[in-house]
Amino acid sequence: MSTTTTSDDEETAPTTVPGGDPADAGIRKPRYKRRKVAIFFAYCGVGYQGMQKNPGAKTIEGDLEEALFRAGAVPEQDRGCPKRYDWARSARTDKGVSAVGQVISGRFYIDPPGLVERLNSELPSQFRIFGHKRVTASFNAKKFCDRRRYVYLIPVFALDESSHRDRESVMASLGSGSELVKCLGCSERGRKVIGAVGNKRDLLLKEGNRPELPAEDVLLKGGNTDIESEMKEETVCLDDGDAVASQSDILLDGRGETSEKDTEVPVQDVMLTGGNAKMESEIIEKASVCVDNGNSGYDNVSSEVVEKEADAIAVIDVDETVANANEFCYGEEERERFNRILGYYVGSHNFHNFTTRITADDPSARRYIVSFTANTVVTVDGMDFVKCEVVGQSFMLHQIRKMMGLAVAIMRNAAPESLIKTALQKMVRLTVPTAPEVGLYLDECFFTSYNQKWKDTHEEVSMKEYEEEAEDFKMKHIYPHIASMEHKEGVVGLWLHSLNHRNYPDLCYSEKGDAKEGAAEVKNGDPTEVAKEERATDVKNADTTEVSKEEGTADVSKAK
C-alpha cells in the first residue's frame with residue numbers, strides 16, 4: 001500500500017546513487033520538513049521600485065524570492081509561486097524607501113542549519129537577513145501585525161522658512177525693504193550647482209575658497225542683471241592709449257564661465273555673489289584698471305580700489321558672523337511647535353487627501369495613528385536631521401510622505417496649522433506636498449496580540465534579539481545614504497523650492513473666501529472661524545428681533 005505525503009513532509013524522494021552499487025539503492029537523502037517561520041531582515045531601498053513584486057521591475061520581493069530558492073528554502077516546483085508557501089509581508093514600502101525591521105512569513109525549509117548565512121551570501125550587500133523564528137501554522141505577517149513604526153529623517157534646515165526659498169518669493173521681496181536672498185545651493189531650474197551648498201546670505205568668496213578661474217573672470221551668482229549690465233558698460237583703459245577694450249568682451253554666463261574673448265584682456269579678479277547689490281555697485285564703479293603692456297601677470301590695481309575691496313570683505317565678514325549667530329537650530333521652541341503640528345495626525349481620521357487613487361468614501365481611507373513625534377536630532381556626515389517617528393496600525397501609499405510634506409510646509413509658514421484639520425475632513429479634496437522618499441524607512445513591526453496569546457508555546461516575534469545588528473546596518477547603509485543624497489544631489493533642498501502657492505494652491509485653502517463659504521464647503525473644516533462668524537450672525541439677528549418687537553409694541557400703543 002502506497003502512502004502519500006504533503007508538501008510539509010516531503011522534500012526529496014528516495015533515490016539511488018547514480019552509478020552506485022544496487023545494494024546502496026536503499027540509501028536515502030536527508031528528509032526535511034517545511035516549517036512556518038517569520039524571517040527578519042533589513043534593506044536599503046536605493047535602486048529598487050518598492051517592496052511588492054512587480055513584473056518587469058526590480059523589487060525587494062523579487063530578489064528575496066530568488067535568494068530563498070537558491071538557498072534551498074523553496075523547492076523547484078514552487079519557484080516563482082509565493083502563494084504555494086504562504087508568503088506574506090508585514091509592510092509594503094514604496095520606491096526608494098528602506099527598512100530595518102521588515103518581516104515576512106511562509107513555509108520554508110530551514111534545514112540544514114545555516115539558512116541565514118546562505119541567504120546573506122545570495123543577496124547583495126544592501127540586504128541583511130537577521131534571523132528567523134518558528135511561528136504558528138496560521139501566522140500571517142500582514143494580518144498579525146498590530147502596528148508599524150516608520151522613521152523620517154528631515155534635515156534641520158528644511159524647517160527654516162528662510163532656507164531654500166522659492167524663486168517667486170525672492171522676486172516678490174525685491175524692493176520691499178526685507179529682501180530675501182536667492183539660494184546658492186540650487187539653480188532656478190532645479191539643477192544642483194556644484195560646489196555651492198547652503199542657504200546662508202550670499203557672501204564674498206574669500207581668497208582660499210576661489211576656484212581656479214582666469215584672473216579676469218567675474219563671477220556673478222546673484223542673478224542681478226542690473227549689475228551685469230553695468231559691468232558690460234565699463235571700459236578698461238590701456239596705458240599705451242592705442243586701444244580701448246569694451247567690458248562687454250568679457251562674456252558672463254550664469255555659471256561664472258567666460259568665453260575665449262576675455263583671454264587677451266586681464267581684469268582684476270572680483271568675485272561677487274549678489275548678496276549686497278549696493279556694495280557690489282560701489283566696487284564695480286571703481287573697477288577701471290590701467291594695464292601696463294609689459295605686465296603679463298595680474299593687473300596693477302589702484303590703492304583706492306584695494307581699500308574698497310578690503311572694506312567690503314570686512315563688512316561681509318561681520319555679516320557672516322551675525323548670520324552664524326542667528327543660524328536656525330532645532331531648539332525647544334521649534335521642537336514644541338513641530339510636535340504640536342504632528343500631533344494633529346494622531347487618532348482615527350480620513351486620510352484620503354494623503355494618498356492616491358482612494359476616495360473619501362472608501363473605508364480603507366480611514367486610518368489610526370498611535371503617535372507622531374519629533375524629539376531627537378541625529379548628526380550624519382556633518383548634517384543635522386530631525387528624527388520623526390510615526391506609529392500607526394497601517395499606512396497607505398505615500399501617506400507618511402504627504403503627512404511630512406504638509407507638516408514641513410506649515411513649519412515654514414507656507415500654510416496655516418488649521419490646514420491639517422481641513423485636509424482630514426471627508427468632504428474636502430486637497431492636494432498636499434509629498435516629501436522625498438529618501439529620508440523614510442520602516443523601523444519596526446509589532447506583533448503584540450500574537451505574542452501575548454502564544455507566549456507560553458512559541459517564541460516572541462520581535463526585533464529584540466537583533467537590535468544591535470539592526471542598528472549597525474542602519475548606521476552603515478541607511479543613514480549614510482540619506483546624508484549622501486542630500487550632500488550630492490540636494491534632494492530635500494530642491495523639493496523645498498516647490499513649496500509655494502503656485503505649485504500647491506491648496507496650501508492657502510483656508511484663506512479662500514469668507515467664513516460662510518468655508519463652512520458650507522468644508523462643513524466644520526475650520527471650527528474656530530466658522531463659529532465666530534456664526535455667533536456674530538446670531539447676535540445680529542437676535543438684536544434685530546428685539547428691535548422689531550419693541551417697534552411693534554410702540555405701534556400698537558399708538559394705535560390704541
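Using N, Cα and C of the backbone, Cβ positions are placed for all residues, glycine too.
These numbers come from a predicted model, not from an experiment.
Features reported for this protein in TrEMBL:
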{"type": "ACT_SITE", "residues": "D94", "note": "active site, nucleophile"}
{"type": "BINDING", "residues": "Y150", "note": "substrate binding site"}
{"type": "DOMAIN", "residues": "344-447", "note": "domain 'Pseudouridine synthase I TruA alpha/beta'"}
{"type": "REGION", "residues": "1-28", "note": "region 'Disordered'"}
{"type": "REGION", "residues": "515-560", "note": "region 'Disordered'"}
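The average per-residue pLDDT of the prediction over the domain 'Pseudouridine synthase I TruA alpha/beta' (344-447) is 96, rounded to a whole number. According to DSSP, the secondary structure content of the domain 'Pseudouridine synthase I TruA alpha/beta' (344-447) in residues is 28 helix, 36 strand, 40 coil. Long-range Cβ proximity for the residue listed as 'active site, nucleophile', meaning a same-chain Cβ under 8 A and a gap of 6 or more residues, is found for G50, M51, L397, H398, R401, E437, L440. Within the same chain, the residues at least 6 positions away from Y150 (substrate binding site) whose Cβ sits under 8 Å from its Cβ are E389, V390, F395, I400, L440, Y441, L442, D443, listed in sequence order.
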